[in-house]
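*Asks:* Taken from TrEMBL, the feature domain 'Dynein heavy chain coiled coil stalk' applies to 2-176. Feature annotation from TrEMBL assigns coiled coil to 58-120. Residues or ranges marked as domain 'Dynein heavy chain ATP-binding dynein motor region' in TrEMBL: 208-254.
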Amino acid sequence: TINDETVELVQPYFEMEDYTLENGKKVCGNVAGLLSWTKAMVVFYGVNREVLPLKANLAKQEGRLKVANAEKDKAQAELDEKQAELDKVQAKFDAAMKEKMDLENDAETCKRKMQAASALIDGLSGEKVRWTQQSKEFKSQIKRLVGDILLCTGFLSYCGPFNQDFRNLLLKDLWETELREHKIPFSDDLNLISMLVDQPTVSSWCLEDHLSIQNGIIVTKASRYPLLVDPQTQGKAWVINKEQDNELQVNTVLKEGCALLYSFKHYCFRRRL
């Protein structure tokens, strides 16, 4: 019930010199208590006058806060609901993207397979022409096979001791003429090396000239044991290199004996001719 008017009415008493707690105690203890109480009430009124608006504002702000918290809780609930929906949609999106990537990878794999198949089909279409031509060539080759085998066996059996010129003489001028006279078909462009040995084997021999390759064929393909007249030891080196995995043991022969044997054989061949 204290108001500004009440406080204003008691202010003159507070300004009096004898309105103090000490003077009140001198008169009576109850007077001192009343004096102290009046001052306290005035101070309380001054403080409470500033506090009351703050309390009112606090209550008002607490009300606003309560409303704001309620709105916040509602918004949070809506956010959680939307987040749950977003998570579901995101999961569907991720699944769709994975399916898309799988489909793209399958499409790319299928495309590569189609390209490979197309290349294979195109290659086989070209091979069909080659196979047809090769089939015709096989039929012709079969007809010429007897004459080709005769030339190859003659080469293996009789051409070993001779040089390249005389081997060509035997093959081209003598034996092929005989085959023509007896009407035995053979290949005009017969290649003895490709007929008797494959290219990887020739490469492994490390032989460069035509004659040396022919000698290697005779050594490896002839049914009889070959006699190597080798004054320069090229044949010996070739045999050692070829048979090194088989632990071949080589007995050295004097070069003079080899040269003498070579001269004697050469003399016999000339006499025979």
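Cβ coordinates come from backbone N, Cα and C, glycine included.
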*Asks:* Using DSSP, what is the helix/strand/coil residue split across the domain 'Dynein heavy chain ATP-binding dynein motor region' (208-254)?
*Replies:* 24 helix, 0 strand, 23 coil
*Asks:* Taking all residues of the coiled coil (58-120) together, what is their mean pLDDT?
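*Replies:* Mean pLDDT for the coiled coil (58-120): 91.
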